[in-house]
Each structure stands twice: as structure tokens, then as C-alpha cells.
């Protein structure tokens, strides 16, 4: 699906990819995490000579000796005449990649491995159903604590939050989801000791009948997960808790496309958190994307429909988009908006209403609103969020959407 002003990207679009012999930078800047979806690099050519068994840095089986003849990308300078056994920057089976610059699960084509079994039938059957992507029956929200105005975390100091106005905007937001769109609203009470508790997205990632209770990157927010866990248990979801003290994950760094997950590696989310998410949702491929100049991955992108990614226009947003393009085996359309924060929107597929999109108002972001207005097959609902944005809150931050199966 695409609207006016959208453009395709992904491996279904061959012209989007660089030639096989890139000169300096590694092909993959993100990481593919899930082992059930291992795929060889599209740059792979026929294998070269056998591996050098005495290679000083690559793992056994990485044939750096034949890298140039085979098309295997070299370390920081293809064809630069490095000695045999020098480090490889393309495959996760090798050593020497800079942080965030490899695709986990991808293996060197020169490494001999036993054949991997095919993904389970349910995994493939559950991928890519535009008719069901965006469906929701319930939404979990939380009231604003008065402490938010003065104590909520924010990346930069700015205008003070008008709490009364923030509360009105939040009530209208909840009203749209509940009264207008018919979702069952699970309203959690505010906690004055947790000034950021309204941003429920960060403490839970829900996909189908499973909920991952996260471990937020900010220590002051970790107790927010307790009440969310209780609420999701009452909805009879399968609960998985992130208990590893080395892991951090904010839900704002998790973009689910209906086909796969992208996880932003930011100041709030680390590699271990992404790995636990991949272990939790085994039916889906999971890839990581470095996040710079933003709080979260979804600070500049979100899903605006089945196969449609809304993306901001900044350099950092566009770089992240290119990484997602390189990592994905699916073809998505993109909807580019002038303002990064306006790229955060909420898509819903409501049976009685069709495609529904909550987006920022023309008063807040007039140029971005014009882009959304080109989506003629969507029911567009502008929603104000100016006050919570002062403390880095965007539209997706204040809700967790759940699609409960109807008991037959």
C-alpha cells in the first residue's frame, strides 16, 4: 500500500542497492539478530580459496586469503593489499567490526556450516498479512502525574510544560482511541513518584499474544514496569520479563512492521536488550539500527500503514532509513515528512473504519500535515501533543496497543 508522495525501498527494488564491490564502508551497518532467519549476504559470490588456518584475528573458517577474488568485502579499504587473515567487516562470523556495523546471524560465505533447518511453518505463515496488520482490540494508557511538569526526563531544557493543557491533550488522545475508534481502554493510575509513567510504550512490547516487559534504559523508570505487568497479566497475555541486568530496552526503540522488528541502539537501548527481544519473538527477524541525534528510533519514524514507513527528513533519520533498507528482505514504501517528530504517528486497522492514522495537527506541523493529507485511503485524525513533546513524548509513547483474539 502506498499513498501519494510515497516511495518504495527494500530489496524488492534493485536500484536502491550499491554495486557488489563497494570501496570503503562495510555493506551492513546494522545487525540481523534472529538465527531462524539467517540469510547469506546479497553480495556473496562463489567461494574463494580455503581459509588461512593461522589467520591472526578472523575466526576459523573465514577465508580472508581469497577475499579480493571472491568479492568478500575487505576491512576499511577493499583491494588495499592487506595481508591474508586480516579482519573482515561484512560478516558476523568474523572479528574486527566497529560497534553497530555488523549483521548478526549473517555468516561468512567461506565458512563451512551444516545446513540450517527451515523456519517453523508458523513463522512464515504469520509474516506479511496487510489485512491484519494494525488490528487492535485494547489499549493500555496511564494518567499523567503532576510531577511530570517539573521532574520528567528530557534531553534538553526547554519550555515548561503546561500541565492542565497536557492533561486535556492526553484525555482527547485517549478519547480518540476509546470512544471514537472503539478500543477497550485499560487506564492505569498516575504515580507521583514516577514522573514519566504516562509513557507506557517504553515498558512493554506486545506482539500477538506475547508481552515483553522491558528494562528501561533510565533507572528512574524501571518501577513503571510493575503496574504494566499486572495489567497485561489480567489481559491473559504471555508475559516475558527482561531480568538481565546487562540489558536495557525502551519500547520507543522498537519498530514492528508486521513482518519484522527493527530495534534502535540508543542511549536507552543496548545490544543485549535487542537480543532478548529477538529471543522473545522467535517468529520474526530482528535487526538493529544505530540511533544518533534522537532519543529513540521512533523519534523519527513509525508505521503509517501496512508496508508504509513514515520517516523524517533529517540526515540522521535518512541514514537510519538506509540501514533499514539494507537490512530488510522486504519491500516497504516510505512516506517522508519534513519534521522528524511528526513522523511518529499511530496506524490502526479498524474493521468498521478501515485504515486509520493518528498524526500531529496542522497547527503543530503544517508542512508534515500536508504530506499526511495525501493519504486518501486513510481516515486521518489530527491529534495535539505539544505539551508532552516538551518532555520528549510523541504520539506512540502514551499507549500500548493489543490485539486480543476473540474466543470462539
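Note: Cβ is positioned from N, Cα and C throughout, glycine not excepted.
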Of 383, 391, residue recorded by TrEMBL at the substrate site of 153, 196, 201, 202, 221, 268: 391
Least surrounded among the recorded positions, given as 221, 268, 296, when other CB atoms within 10 Å are counted: 221
Inter-residue Cα distance where the pair is residue 397 (active site, nucleophile) and residue 196 (substrate binding site), in Å: 10
Minimum Cα separation from residue 397 (active site, nucleophile), reported as the residue among recorded positions 153, 202, 268, 296 that achieves it: 202
